[in-house]
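According to Swiss-Prot, the protein carries these features:
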type: COMPBIAS; residues: 732-744; note: compositional bias 'Low complexity'
type: COMPBIAS; residues: 1049-1062; note: compositional bias 'Basic and acidic residues'
type: REGION; residues: 724-749; note: region 'Disordered'
type: REGION; residues: 1047-1069; note: region 'Disordered'
type: REPEAT; residues: 129-168; note: repeat 'WD 1'
type: REPEAT; residues: 170-199; note: repeat 'WD 2'
type: REPEAT; residues: 321-360; note: repeat 'WD 3'
type: REPEAT; residues: 364-403; note: repeat 'WD 4'
type: REPEAT; residues: 411-448; note: repeat 'WD 5'
type: REPEAT; residues: 453-492; note: repeat 'WD 6'
type: REPEAT; residues: 498-537; note: repeat 'WD 7'
type: REPEAT; residues: 560-602; note: repeat 'WD 8'
type: REPEAT; residues: 642-683; note: repeat 'WD 9'
type: REPEAT; residues: 765-806; note: repeat 'WD 10'
type: REPEAT; residues: 809-850; note: repeat 'WD 11'
type: REPEAT; residues: 863-902; note: repeat 'WD 12'
């Protein structure tokens, strides 16, 4: 079998394999479509048999390989779920959709990276000739060099670390030289040479045509050899191969070199081929495509994209045609497109393998496009026109992000001839008569406009974990659905409940296919999540009072019968009811209502028993019909009807052995409805919650949110090392902002040792007591409540307070508004009215006996400048979603508090934690990481300010007038208040030098000869230095004098005692003493 037959055989085999893959893919689509139809019909499908997105994506990868893009498969899966009856084409799985809709169209994004024009830097090249202009700029990212070449022959190399300038135009990576071109010559120059050798360079000539552009082909596998591509005015592309032997770079250093050496171009290995019918304006080598590109003003052969081998033969090449040719082009690797621009003022986007038609166009320039560069990291394309107008484009959304103009200089003198983007420093560099540098910055940092997802304040935010999408509702009654990973808007619904009817709450069912909305007028609607179509509704009652039946909370309940929907609703008046939706009825009806127990609990009854109704229902519901069993009590407290006692928040908990509803009221009470124990009881009641005080805030006791915390047996079996909290403690110090000081640490002590010991104890305990999987018993649930006074409290079902915490933020005692936890209760999130997010670790705390020391706050950060109404934790992505009344829904990294963006921005999300730490424009506080001090850490006292002996203070303390003021001490009692230590003080900085009378002693030698000798004044006479215990003698003398009143001796006469009598009295009261004067003042020779 020859090569041609083998090639045909391999091609036929690949076609057969692809056809077999298509058959398997069609079977997968048929199976998934049939299952989605059954789910829409209400047929129960076991979880292990259900085909969710993860299973579907894994199956597609097994069929077609790992090259299938995640985003394309997700779009195909979403289309399949929204309309299983629609027709599907296999090419859609590869991203080729036939729709004309542009889902990327949205408003301008203030978070995008743009160029900060106001901080433009300008470098004037010293020594440049008059009216000289920079014709070429090349960036060498490996060495962080910037190379420029002027029209009149000045070549300059700029180094970010060195201000000295060296000359050059493009860089030969293997030879470590700079190559430049003139009209008829090639110049190779050693920019690292020193002294007179710096002017040594090689000239290669002659050339057949005028050289217009040059680039170097990187050859990492070749040593001491480089390939140079040249474009000329004849439409030829030349390739020159240069090596170290060609320039004699290996010769001995003793050999004298001339300053300029002329080399014959015929001695170099070179090939050329005519690819254009006009000037070659730009030539570049693209390593990602392993080919070179050259553009020309030729309208037929405008752009040629081919491998280097095509220069050596006459085989056809890939040609891209465009009117009036192309002046410049660039390649974007992530988007895999080539962008061209020329005199027709249109930027065209081309797929490298499709030369017949561009895949997109960018229109906006009013003059000819002269330069194009790309910002690969941010997916930006920067284009420059002949009028010095810059436009920054988003290559993903095909939209313009920024337009700015270089207004300095005249149109001729200051024309910009070259432009390059420095990815190392995030800077756009242009060359004209000067070099201008535009630093890249976040647009959100350079604007005063706050990010907004909706035009009005956000009322509801929900996360659909099955579709990985986010639903947001604003007070203007606009529903929007967003893609979590990209931030793109999927669809929106305007006025879902009618014109000017505000939506106040919403909920998503367990399967993720439906969501319900509730309005302030009491109406409820059920929608299809995938398509946004209305399915069922409950109209407003005729006798309803305005806003009395407004809905505050909605919960989907597990239906007892298939093909029906049950919704638990909380009204503004405190009523809790169940709304039912049947398959054959488009209207929703109220089938169950909970009686009001507040009138009985407020009179001191801590528990009210329930009577289950014996009435049988045609359709079973999760909660039975109940009646309150009222018992008359003799003790009744005075109840003020002015106090608001309505239910403000509720939560539902239904699992095996539990059927509970927890309620938090506006006056601070927590009520628990237990339908298994047939009782409703008071969990918590603040003191004076029923009394009114006009000087106090009536909302001070209000409970803003309440939630059950329960860890299922499956979660108990999981390892605690998978917890997000442990990863936060371990990885938070590795965050980029920690090294830059963007975080504020409360305690510097390391908790690694304590954490390791705790994990080790858990592992050793698990080894000693192996528990079978089937015998793991779940612990009873806990209650957590968020209070108006800023406290976070945790309760048992019996009403025992096990944790009362005031979260640490910049300002304490801030009202908490929202709570959220993950599926296994490892992390607890809370939001407050000042826009802070509090992240707590509760993984160890949930294990009995619920040690409150294991409840730890890990992180807090300012997410909004206004109140947070909802905080959501996406555990599979370790992200936090926050919604605020400022109209924005923002996304954060949970492990570090890094800001990722907001829904509604023009650019897609980059959820990977980068080193660029940014904040929204309305937030200027860095995240605060909370670290506990380890109990194993020894506290060592540090003395930062040493004390010195203050002679002036000693003189005051040693005066004789202070010797007779204190009462005497008992014998053998030691006086600890030493005056010497009282004479110590902090060092004072002298504003004048000490007096020196001798600056040098020649006889002492040169080592210490320059040390000055200072005069030290003589110490105070030792005669009056006090002794330890002298306080006793001084006070004893005073006692002797007071006894001589019968002799009528005045106190003024006491100093007239003789010296002998004074010494005798001192000897009589002598106690053990120590003379410290010799220690403090050594004797000085006279």
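Here the Cβ of each residue, glycine as well, is placed from N, Cα and C on the backbone.
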Same-chain residues near the repeat 'WD 7' (498-537), Cβ under 8 Å, at least 6 residues beyond its ends: 39-40, 78, 81-83, 459-460, 462, 464-467, 469, 471, 473, 475-477, 479, 481, 491, 544, 546-556, 558, 565, 567, 569, 571-572, 579, 581, 585-588
Please list, for the repeat 'WD 11' (809-850), how many residues fall into helix, strand and coil according to DSSP. 0 helix, 18 strand, 24 coil
What residues in the same chain, six or more past the boundaries of the repeat 'WD 3' (321-360), come closer than 8 Å to it by Cβ-Cβ distance? 278, 281-282, 284, 286, 288-289, 293, 295-303, 305, 366-374, 376, 379, 381, 383, 385, 393, 395-396, 398
Within-chain partners of the repeat 'WD 6' (453-492) [C-beta distance under 8 Å, separation at least 6 from its ends]: 52-53, 71, 74, 78, 81, 103-104, 106, 500-508, 511-512, 515, 517, 519, 529-532, 869-870, 872, 874, 876-877, 879, 881, 883-889, 891, 901-905, 907-909, 911
Would you mind giving the whole-number mean pLDDT across the repeat 'WD 12' (863-902)? 92
DSSP helix/strand/coil residue counts for the repeat 'WD 9' (642-683): 0 helix, 27 strand, 15 coil
